[in-house]
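As recorded in TrEMBL, the features of this protein are as follows:
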{"type": "REGION", "residues": "499-518", "note": "region 'Disordered'"}
{"type": "TRANSMEM", "residues": "12-31", "note": "transmembrane segment"}
{"type": "TRANSMEM", "residues": "65-86", "note": "transmembrane segment"}
{"type": "TRANSMEM", "residues": "107-137", "note": "transmembrane segment"}
{"type": "TRANSMEM", "residues": "256-278", "note": "transmembrane segment"}
{"type": "TRANSMEM", "residues": "435-453", "note": "transmembrane segment"}
{"type": "TRANSMEM", "residues": "473-491", "note": "transmembrane segment"}
């Protein structure tokens, strides 16, 4: 089946209507559960006074969202704004001092970033980061990839496992609310950047990159604490590009993206006043009283929210980096648009890093079953270390590793006769798309259930699974799958239209008889 295979418009209209009604239905259940259970102890502890003109309290159980857009909003905006203003001042002063900003702008970014980190975290934190940079730079000079991986992953493990992480954290003096987040965020992303530098240095044929190249790469402030990770080869090329001319309407697009992110923040805030999608799953007694549709809606909305949060957080940072003439990693693909494990991620920077240095390097074209198995095991092993080894992360990694391989196994199985023969000779392309959509619908819920346990809790994931697959069978199970199937077909239709825009079908030449008649 080709990606350009179309379905009748009337069929797509039915799918749209079914999906819209189902989302409204599930949403009404969640709103009702949020309103009726506001006085429960588990709910009351995780909500706070919200906007007064809504007359409702706000779900405040997500620390990251509160940190970014409430408690520390001004601090973060001040630091990022300072980065932009400092670079602008330097660009205005540089002609008078005789310093070519175009050739040294990455050095200017490094100076501001280092100064901001020093003021925020102290000289002991800077010293700790630099010590790891020096160790990994020394290893990079050997130009052995396996040694770079061993050294890099060992350094990363010292920030993810006891007692090494507590011992290193003890070097940082002072105490403030954001310290833990900044400490582990800055250290973790620094190690990933150092590993990227070391691996790219192994690929460099003539000589080595300098230590100052590593420092300029690591201490670029917008990426330092919260990511995303931009691989060294891309950063080095773009940060040292003397051509700073912008594309047509580029500033307009940057402004529009910034306004879209601001709108998304406001929409999420409004939703948090009516849909307590993060607080309700923490009360298992309440969950057992909810309908199957409510549980399905909660599981789905938790993943959508996490995508929105990642898109907004990285979008704010990316807006600043685009002002610096960089092309940062894009926000993650919307979870609603995903029905295959191969495209599932919540941090495109880490995903690109893993794909380049582990997954694609080992799996190559991803057609061989055993190579793919080895590639996914290695990829999720690194991911487990990055997230922090614990029981929940082990379970999450196992199921996602299994899902990625199971996709390949199923594709290989159905590519064999007689299935391939039946699809090619006895089945229309439209029917093939419908059958594939059924499998994709099942896969979509595997993605949700495998990832919601990491985003929320193992108990919530188990309860949703039991209700949808066992207690709710067959009515709830089949109805949810049918709604998901409708959504998958609409996603496929969007992909079809995009494929036609990217690769238009050739216009057939006019018939010979018509040409003569003219």
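In case you wondered, yes, glycine gets a Cβ from its N, Cα and C as well.
Just so you know, TrEMBL annotations never went through curation; they're auto-generated.
What you are looking at is a predicted structure, and each value in this text was computed from that prediction instead of being measured.
Remark: the transmembrane segment (107-137) contacts the transmembrane segment (65-86), by the rule of 3 or more CB pairs under 8 A. Here the listed stretches are 12-31, 256-278, 435-453, 473-491, and the one with the most C-beta pairs under 8 angstroms to the transmembrane segment (65-86) is 256-278. Taking Cβ pairs closer than 8 Å, the transmembrane segment (473-491) reaches residues 7, 11-12, 14-16, 18-19, 22, 292-293, 296, 336-337, 339, 433-434, 437-438, 440-442, 444-445, 467 in its own chain, all 6 or more past its ends.
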